[in-house]
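> Sharing a structure below in structure tokens format, with a few things to ask.
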Amino acid sequence: CENIPGSYICKCAPGYVKGLDGRSCNRLNRTIVPYVYYTNKYYVRAIGLDEQNQITVARGFMELSSITYDWKDQKLYIGDRQASKIYRMNLNGTQSTVIIEGNQTRFLRALTVDWIGRKLYQLFSTPEIRVSELDGRYSIILLDSRYLSQPNYLAIDPLIGYLFYSDWGQAHIGRINLDGNNFVKIIGTDTAGPLGLTIDIITQRIFWIDRRLQRLEFSNYNGGERKIAFYGHDYVPYSLSVGFIDGYVIWSDFTNHALIRADALNDSNKYVLLSNTINEVISLTIIHPSLQPQVPNPCGINNGGCSHLCLLSINQSYTCACPEHFLFLNNENNQTCVSNCSCNQHRCGPPNERCIPWPAKCNGVNDCEDGSDEPITCPIRRCISTQFQCRNQNCIPISDVCDGMDDCGDNS
């Protein structure tokens with residue numbers, strides 16, 4: 001919106017053209033149809049915004065809680081908190097692999113991808129916000145219970161370097177840089193229960209659903225220019241998740257098992273995109289390349305010089321960070337991380353670089369992926385009289401000899 005003498009005019013970002021109403025903007029490239037991917041507890045489905053195609057992407061889950069995607073690699077990221085796993089798969093649901101698993105994942109609430117810096121951000125109800133590599137390696141906590149109460153959803157703009165979250169407990173919307181610095185509450189008044197959260201990277205606005213106040217609001221990235229787009233039970237009966245594309249918001253109607261679309265700035269053009277789904281829609285994401293525009297990655301050359309995590313920040317800058325149980329090497333410029341091992345532990349080399357108890361070194365078992373705990377300098381092992389000595393120098397109980405199982409690991 002640009003001021004001119006006595007009036008104003010509406011302008012559109014590159015790649016968009018002004019609509020017939022003189023205020024809306026339409027994408028020039030209409031060849032790729034946007035899809036809404038949505039989940040219930042048990043499966044992932046997708047519907048095109050042209051409503052010509054609806055497909056089941058993946059099924060057989062226990063309790064899905066979140067979904068996001070990476071257009072560059074054509075990947076989905078899906079969290080199943082009952083199975084305590086985060087999956088990565090192709091957009092069509094094939095080649096599914098588990099990238100993160102464990103008790104912490106039981107508390108997963110939201111996922112989002114930094115498609116520029118190539119990172120996966122995770123929000124947990126414990127409460128924590130974490131970041132890791134896209135394959136789950138090198139996890140680190142960015143925010144914890146000192147800032148969070150009952151966090152729910154994430155939204156990201158790596159072009160600017162911001163991560164947003166909604167918090168239902170201490171009702172507010174917060175913002176941090178993608179490296180975890182510069183925490184600020186941008187919405188903290190006149191709000192009761194913010195849930196679903198999304199952004200428009202073109203106009204740099206955030207949109208959120210306040211479940212308790214039954215309204216959808218928006219503001220700029222600093223919390224200013226705040227407005228109510230629409231409100232009331234007819235519009236926001238019980239909505240959990242929301243997305244944005246082409247000037248529209250699309251949200252899940254948990255009560256009526258539906259997906260609703262409307263003009264993002266007011267209550268016009270309300271339309272039921274999908275109704276009478278078998279189960280409640282838990283989460284959704286809108287998939288289209290225009291929502292993840294590609295720009296040069298500040299961490300793209302030599303990982304920014306960082307040995308482990310290279311996290312984007314504002315003004316196209318970045319920060320090196322060490323994952324849990326690692327610390328920066330002395331006399332380094334905060335770029336090289338090493339395992340924080342005690343004097344009673346052996347430090348493995350890449351790729352896992354874990355710390356193992358000192359007695360695990362030279363015990364005949366490769367505990368380190370790089371084999372550094374079993375070097376050729378290990379002394380020859382001698383088994384006691386009640387043990388059988390294998391050709392690989394391992395020792396097993398004599399009772400295990402000729403029991404039909406390869407206890408030695410070398411068939412001896």
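In case you wondered, yes, glycine gets a Cβ from its N, Cα and C as well.
The annotation disulfide bond is assigned in TrEMBL to Cys383-Cys395, Cys390-Cys408. Positions annotated as domain 'EGF-like' by TrEMBL: 10-25. The annotation repeat 'LDL-receptor class B' is assigned in TrEMBL to 161-203, 204-246.
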> Cys383 (disulfide bond) to Cys390 (disulfide bond): how many Å between their Cα atoms?
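Computed Cα spacing between Cys383 (disulfide bond) and Cys390 (disulfide bond) is 9 Å.
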> Tell me the Cβ neighbour count for Cys408 (disulfide bond), meaning other Cβ atoms within 10 Å of its Cβ, over all protein chains shown.
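A 10 Å sphere around the Cβ of Cys408 (disulfide bond) contains 19 other Cβ atoms.
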> Using DSSP and three states only, what is Cys395 (disulfide bond)?
strand
> Cys395 (disulfide bond) has how many other Cβ neighbours within 10 Å of its own Cβ?
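I get 16 for this one.
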> List nothing but the one residue from Cys383, Cys390 whose Cβ has the fewest other Cβ atoms within 10 Å; the candidates are the disulfide-bonded residues.
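Each of the disulfide-bonded residues Cys383, Cys390 was scored by Cβ atoms within 10 Å; lowest is Cys383.
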> Compute the C-alpha separation of Cys408 (disulfide bond) from Cys395 (disulfide bond), stating it in Å without decimals.
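Each residue's Cα considered, Cys408 (disulfide bond) and Cys395 (disulfide bond) end up 7 Å apart.
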